[in-house]
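Per Swiss-Prot, the features are:
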- 80-90: compositional bias 'Low complexity' (COMPBIAS)
- Ser50: phosphoserine (MOD_RES)
- Ser83: phosphoserine (MOD_RES)
- Ser90: phosphoserine (MOD_RES)
- Ser94: phosphoserine (MOD_RES)
- Ser97: phosphoserine (MOD_RES)
- Ser142: phosphoserine (MOD_RES)
- Ser160: phosphoserine (MOD_RES)
- Ser598: phosphoserine (MOD_RES)
- 110-126: region 'Interaction with DYNLT1' (REGION)
- 248-297: repeat 'WD 1' (REPEAT)
- 301-341: repeat 'WD 2' (REPEAT)
- 350-391: repeat 'WD 3' (REPEAT)
- 400-440: repeat 'WD 4' (REPEAT)
- 445-490: repeat 'WD 5' (REPEAT)
- 493-533: repeat 'WD 6' (REPEAT)
- 539-578: repeat 'WD 7' (REPEAT)
Amino acid sequence: MSDKSDLKAELERKKQRLAQIREEKKRKEEERKKKEADMQQKKEPVPDDSDLDRKRRETEALLQSIGISPEPPLVPTPMSPSSKSVSTPSEAGSQDSGDLGPLTRRRLHKLGVSKITQVDFLPREVVSYSKETQTPLATHQSEEDEDDEEMVEPKGDQDSEQENEDKKQEVKEAPPRELTEEEKQQILHSEEFLIFFDRTIRVIERALAEDSDIFFDYSGRELEEKDGDVQAGANLSFNRQFYDEHWSKHRVVTCMDWSLQYPELMVASYNNNEDAPHEPDGVALVWNMKFKKTTPEYVFHCQSSVMSVCFARFHPNLVVGGTYSGQIVLWDNRSHRRTPVQRTPLSAAAHTHPVYCVNVVGTQNAHNLITVSTDGKMCSWSLDMLSTPQESMELVYNKSKPVAVTGMAFPTGDVNNFVVGSEEGTVYTACRHGSKAGIGEVFEGHQGPVTGINCHMAVGPIDFSHLFVTSSFDWTVKLWTTKHNKPLYSFEDNADYVYDVMWSPVHPALFACVDGMGRLDLWNLNNDTEVPTASVAIEGASALNRVRWAQGGKEVAVGDSEGRIWIYDVGELAVPHNDEWTRFARTLVEIRANRADSEEEGAVELSA
């Protein structure tokens, strides 16, 4: 109601102002006419009243007495002093009444217009503010003033034009009305504003957090004159870092894994923090790539350093960890506890040495947890019961030498055969079941402990599942095939320990490796086998311990010795073209041919 009263009062003040302007103009016009009459009287001699003038005045007085106003002359006739003095009282009265006639009628018209204006304004105010629509006040004033001017009897064309110009000038100069605090609060708490703000802030937040190149051309026109793969390698860019000041500080990243059910989730395991002896020795943190939050999604811990970790492939809520004490622990994110919901016993039936290898293999209806410890013991578990292993086997070479396993990998689609790397630098093939269960072939080539091993994962028109790569303390990465016990190729571009290696899950010729100098290398064997296709060194040059590709192959995660996890976007380098499989097959043929030539040259030198 206060807004309506203010608007009504404002309109009344505008009307009064217009009336004052009209009165002022009228007064000035009368003064001007009076001055002109005085000037003319001074210039011209006073003529004697003629008989015609006297009769005209009598006639005009008679007409005015009966209510008829005579037509005013176009040019005002100067009046002599004698005529003023001779005029009778009746004439003076009739003249006064004649002069006041138009003014009286104009005032009556103004009263009528004011009443009509009150009737017109109220509905417009209600309609305008019932919709809570903010409109400029000057617009209403302009419309109403125009209506007012149309209803008032016009004084003349010249006066109307002047008044319209004055009104337009006032409208232009009038500043927008400032909203009161009450009106602002009403808008801020209105349902429409809250819905709009809630929807818009989500869009703006996503736009501010988006780091990808929105101008990328998927048609590839920008790469037509360049080597597409090499150019895409430049897209290896830093995405984000996972680090928690409390749980990650002074800990080493020992293992990482991505969730199959939720591709944005990754779990990382950490060893003990020597500066915090009262904190749990083992920690596993679940990080979320989807949101730009800096804290882990879940925090799990146990009393022994976690050396290996993985998501239970067919159980999206379970996380499996292998500890330095030999225990296998199981965490459940549905539980409110951060400690394991299940764990294996510390007994001779299970592991009693550090477990560096945990892996869930099988199908949805038939799967097992496979674990291997550094004493060469392999156990098969059911995730429903970790009190005792379903199967156990000693990995022994020549029936006397236990294999100190440091890494394990299963070929794609195989749950029986696998390969393991050992502390002495030897790689073995092994089998879980059958007449040849246990250690099979021996692959010698590394001069130091094997730190990482991974089988070819990309599925395509040509089967490369027999290939695997290994990394070692001897500063090299080697390419192997299960069909031959000698390495196919040795990549020797690193100048420090190579701690881990992994094939791309989508590109047949691409793998990543990390070393002790904090360098991440991406090798595309279809481009070059001598130098990496793309490389990046992390800030601080901390040693990189682990590397893991995301399921889609677009991102690669690396963990360092300071507890930090670095996520890098690989870009178009990770996207395979249709001919990548055939090109890689030709590359392997060339590698085998070069290896055969080298062996022949070596044999010739030995014979000589």
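The backbone N, Cα and C atoms fix where each Cβ goes, and this holds for glycine too.
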Local confidence of the prediction over the repeat 'WD 7' (539-578), expressed as mean pLDDT: 90
Selection from 350-391, 400-440, 445-490, 493-533, 539-578, the stretch that has most Cβ pairs under 8 A to the repeat 'WD 1' (248-297): 539-578
Within-chain partners of the repeat 'WD 6' (493-533) [C-beta distance under 8 Å, separation at least 6 from its ends]: 227, 229-230, 233, 236, 448, 451-458, 460, 462, 464, 469-473, 475-477, 540-549, 551-553, 556, 558, 560, 566, 568, 570, 573-576, 580-581, 583-584, 587, 591
Long-range neighbours of the repeat 'WD 4' (400-440), counting only residues six or more past its ends (CB under 8 A): 356-357, 359, 361-362, 370, 372-376, 378, 380, 391, 393-394, 446-457, 459, 465-466, 468, 470, 472, 474, 480, 482
For the repeat 'WD 7' (539-578), distant same-chain residues with Cβ under 8 A (at least six beyond the ends): 212, 228-229, 231-243, 248-258, 260, 263, 266, 268, 270, 287, 289, 452, 458, 460, 496-497, 499-508, 510, 512-520, 522, 524, 533
Neighbour tally for Ser598 (phosphoserine), based on other Cβ positions within 10 Å of its Cβ: 10
Within the repeat 'WD 3' (350-391), residues counted as helix, strand or coil by DSSP: 0 helix, 23 strand, 19 coil
DSSP residue counts for the repeat 'WD 4' (400-440), split into helix, strand and coil: 0 helix, 21 strand, 20 coil
